[in-house]
Every structure is written in C-alpha cells, then in structure tokens.
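Q: Below is the structure I would like to discuss, written out as structure tokens.
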C-alpha cells in the first residue's frame with residue numbers, strides 16, 4: 001500500500017496501536033480497525049468502561065475517607081481555641097490540588113483547540129476534493145455539450161454548403177464522426193457523476209458534530225475553572241456555605257471528567273487503529289458506498305507507479321479524435337473556402353469551439369491526474385491522525401489531572417471547612433482593638449464598624465482645666481451625644 005504524501009504514522013499511533021484489546025469475555029481482539037465487528041466494538045467499550053471503574057473507585061475512596069473523618073476523629077477538648085495539628089497542611093494540600101486542576105484546564109483548552117484544528121483540516125480537504133470532482137463533471141459536461149452543439153449546427157450547415165462536392169461532404173462527415181466519438185469517450189471520464197456519496201455532505205456532517213463537541217468541551221472547561229476559582233475564594237474568605245456549594249459542584253465535575261476520559265480513551269485507541277493502516281479501510285468503505293471500480297479507487301488513494309491511470313485510454317482516444325478534427329477542418333478550410341465562401345463562417349465557429357474544447361481538455365487531464373485528489377487525501381489523514389489525535393491525548397491528560405485534583409479536593413474540603421472559626425465567636429476579641437465593633441469609644445459610639453451603641457454621655461473628662469475651657473467642653477459633649485440630636 002502506498003502512503004499518502006507527507007503522512008507517516010506517528011509514535012503515538014504505534015504506541016496506542018500496540019495496546020492489547022479484549023472483548024467482554026476478555027478474549028483477545030485484533031487491533032485492526034473494524035468498527036462494524038461486534039468484538040471490536042466491545043473492545044472499545046471496555047476501554048471506555050475503565051474510566052467508569054476509575055470513577056467508582058474514586059467515589060468509594062472519597063466516601064470511606066469522609067466517613068472515617070466524620071465518625072472516627074477524636075473529640076476536641078472543651079474550650080480549645082487553637083486548630084488541630086495538620087490543619088494548615090490540609091488547607092494547603094487542597095489549594096495545591098486546585099492549582100493542579102487549573103493547570104489541567106489550560107492543557108484541556110490546548111487539546112480542544114488542536115482537535116478542532118485537525119477536524120477543520122479534514123473538512124477543508126473534503127471540500128477541496130469535492131471541488132475537484134465537481135470541476136471534472138462540469139468540464140466533461142461542458143465539452144460534451146459544445147461538441148454536440150457543433151455537430152447539430154456548424155457541421156450540419158457545413159455539409160449543406162458543401163453538398164455539391166462529395167469528397168468535401170465526406171470530410172465534414174468524418175469530422176462529425178470524430179466529434180461524436182470524442183463526446184462518447186468524454187462521458188466516461190465523469191466517474192463521480194451519480195455517486196451517492198458526496199464529500200461535501202461528509203464535510204458538513206463532520207463540521208456539525210465537531211462544532212457541538214468543541215462547545216461541550218469549552219463549557220466543561222469553563223465549569224471546572226469556575227469551580228476551582230470559587231473554591232479558592234471560599235478557602236480564602238473562610239466561607240462555609242461557598243465551600244459546601246463548591247464541594248457539591250466538584251462532585252458533579254468529577255463525574256463529568258471521568259466520563260469524558262472514557263470517551264477520549266476509546267476515541268484515541270480507535271483512531272490509532274485507523275491511522276496505523278488507513279488505506280485498506282478507506283478503499284473498502286468507499287467502494288461499498290460508491291460502487292466505483294477498484295482500479296479507479298486504487299489509482300487515487302495510492303497514486304504510485306505500480307497503479308496505472310484507468311482513464312489513460314479514453315484520454316488518448318479523445319486527444320487523437322480532437323487532433324483529427326483539427327486536421328480535417330484545416331483541410332476543408334484550404335479547399336472549400338475558395339470555392340464556397342459561405343463555408344467560412346461555420347468553419348471559423350468550429351475552430352473556436354475546438355480551441356475552447358482543447359483548453360478544457362488539457363485542464364481535465366490535469367484534474368484527472370491522481371496528484372490533486374491524493375494530496376487532499378494526505379491532508380485529511382494528517383489532520384485526523386496527527387492534530388486531532390494529539391488533541392485527544394491532551395484532553396485525556398486534562399481529564400486525568402482534573403479527576404485527580406477534584407478527588408483530592410473533595411477529601412480535603414470537609415477537613416478545611418471544619419477548621420473555619422464560627423461567625424459569631426467574639427470571645428477571643430481584644431478590648432483594646434480599635435477595629436473591634438463591640439468596644440465603645442469615649443464619645444459614646446464604637447470605634448470599629450457597625451451601628452453606634454446607645455451609651456450615656458460621659459461628663460467632661462478634664463476637671464483640672466480653667467472654668468471657661470470646662471464650659472466649652474460641656475457644650476461639646478452635649479452637642480455630640482446621641483440624645484441631643486433632634487427627632
């Protein structure tokens with residue numbers, strides 16, 4: 001099998017392709033890409049089920065840890081104010097796990113972008129191949145129509161003008177037969193006409209699925225980012241309700257991370273099997289969907305010297321017929337125009353038609369060569385087997401980091417919020433603290449935040465000053481006291 005230009009299976013493809021596979025009965029399954037076989041489908045489902053097993057083990061571990069924490073921790077002595085030993089380590093381990101989760105989110109965004117780029121390259125290659133196939137059909141149809149129009153009008157008129165000379169009429173009829181033969185040969189070159197499989201439709205379906213896949217991953221990444229940020233905020237502000245809500249959200253994101261990990265693992269393994277040897281599967285699938293001859297498909301998918309051009313005979317006969325028409329019309333122009341001036345107009349029209357047909361024919365020969373479509377095939381393989389597979393592996397790494405970080409956070413968060421001080425605990429406040437809202441200032445209101453308490457106005461605290469200054473002090477105290485404000 002020939003390889004597509006510029007495409008070679010990567011090391012990741014070889015590594016994933018060598019992994020063992022088994023069905024539900026744990027029987028070995030060949031690693032060849034065969035999605036229509038039940039054993040191969042079971043092997044991929046078993047790969048995805050490994051993520052479900054990991055999720056179950058994670059939930060069991062978290063549940064056992066939390067039950068042990070709630071039921072088996074030693075009682076705190078009454079009146080204890082200092083946090084238990086290891087409290088700071090628990091908080092910092094939770095913060096470190098969340099930071100690792102944030103790093104995994106960055107990896108996830110990169111992997112999502114790489115996967116999208118690979119699928120976009122696949123769609124672009126399919127659209128370019130569809131343009132090439134449509135151009136071939138259009139050129140063939142245009143040339144057949146031009147030749148048919150020339151046979152019906154110009155050559156018929158030329159035969160009527162040259163009716164008095166039988167040898168000239170025979171030459172005109174020879175040109176007619178050559179044009180009809182060329183049109184018949186050209187019709188066999190439009191090999192994709194009437195084929196039910198459309199590269200344009202495939203590209204649109206792939207783009208549609210990829211758009212929703214990309215959006216789903218963006219939403220998952222943003223959800224986990226918000227959970228990590230708000231959890232860090234709750235730890236910083238020591239807000240129990242925020243930490244409790246984020247704990248529940250972390251459990252939801254943990255389930256989603258393990259689910260996405262299963263899908264990514266199965267997709268990566270299946271894609272590596274396809275990319276290790278794509279030609280055989282693509283050839284068989286295309287032949288089943290289109291019904292085209294294997295010679296045509298081998299020529300375009302393999303495009304090497306061992307495979308000959310299946311259209312070479314038709315192209316040779318068409319070019320020979322075109323050359324014969326040119327030669328016969330040139331002979332008619334030399335011999336018929338001096339005797340029949342009315343023959344000059346149809347001959348000039350025929351020459352113009354042949355010139356346009358010859359230009360279209362050379363363009364058709366270039367389009368029918370395997371280089372163009374095989375280049376599109378190689379671009380599609382590179383997009384799918386290099387960029388898309390690499391993106392899937394980065395997404396797999398993101399899911400793994402996310403699952404580990406969230407499991408660690410779920411184990412640490414209950415112990416962290418148990419260390420938070422209660423919101424109404426003012427027993428350890430300092431009476432000399434100027435920011436304590438319960439300390440009343442000398443003028444009758446608190447020196448901290450909050451509403452001013454209703455305290456009695458103290459007398460002037462400076463009794464040793466002169467009488468005039470004491471009077472001013474008394475007036476100031478009366479005006480500044482709450483009871484002196486008018487209702």
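All positions are counted from 1 along the displayed chain.
Glycine is treated like the rest: Cβ placed from N, Cα and C.
Pulled from TrEMBL, these are the listed features:
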- 43-67: transmembrane segment (TRANSMEM)
- 88-110: transmembrane segment (TRANSMEM)
- 214-235: transmembrane segment (TRANSMEM)
- 242-261: transmembrane segment (TRANSMEM)
- 392-413: transmembrane segment (TRANSMEM)
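Describe each of these features in terms of where it is and what it packs against.
A: Note on the transmembrane segment (88-110): residues 217, 220-221, 224-225, 228-229, 231-232, 235, 391, 394-395, 397-402, 404-406, 408-409, 412-413, 415-416, 419 of its chain, located 6 or more positions outside it, place their CB under 8 angstroms from a CB of the stretch.
Only residues 6 or more beyond the boundaries of the transmembrane segment (242-261), in the same chain, are considered here, and those with a CB under 8 A from a CB of the stretch are 51-52, 54-55, 58, 217, 220, 223-224, 227, 230-231, 233-235, 395-396, 399-400, 402-403, 406-407, 409-410, 413-414, 416-417, 420.
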Q: Residue list, the transmembrane segment (43-67) vs rest of chain: Cβ under 8 Å, 6 or more residues beyond ends.
A: 21-24, 29, 254-255, 258-259, 261-263, 265-266, 269-270, 403, 407, 410-411, 414
Q: Checking distant contacts: for the transmembrane segment (214-235), what same-chain residues at least six beyond its ends satisfy Cβ-Cβ under 8 A?
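A: Non-local partners: 91, 94-95, 98, 101-102, 105, 108-109, 112, 115-116, 242-243, 245-247, 249-250, 253, 256-257, 260, 395, 398, 402, 405-406, 409, 413, 416.
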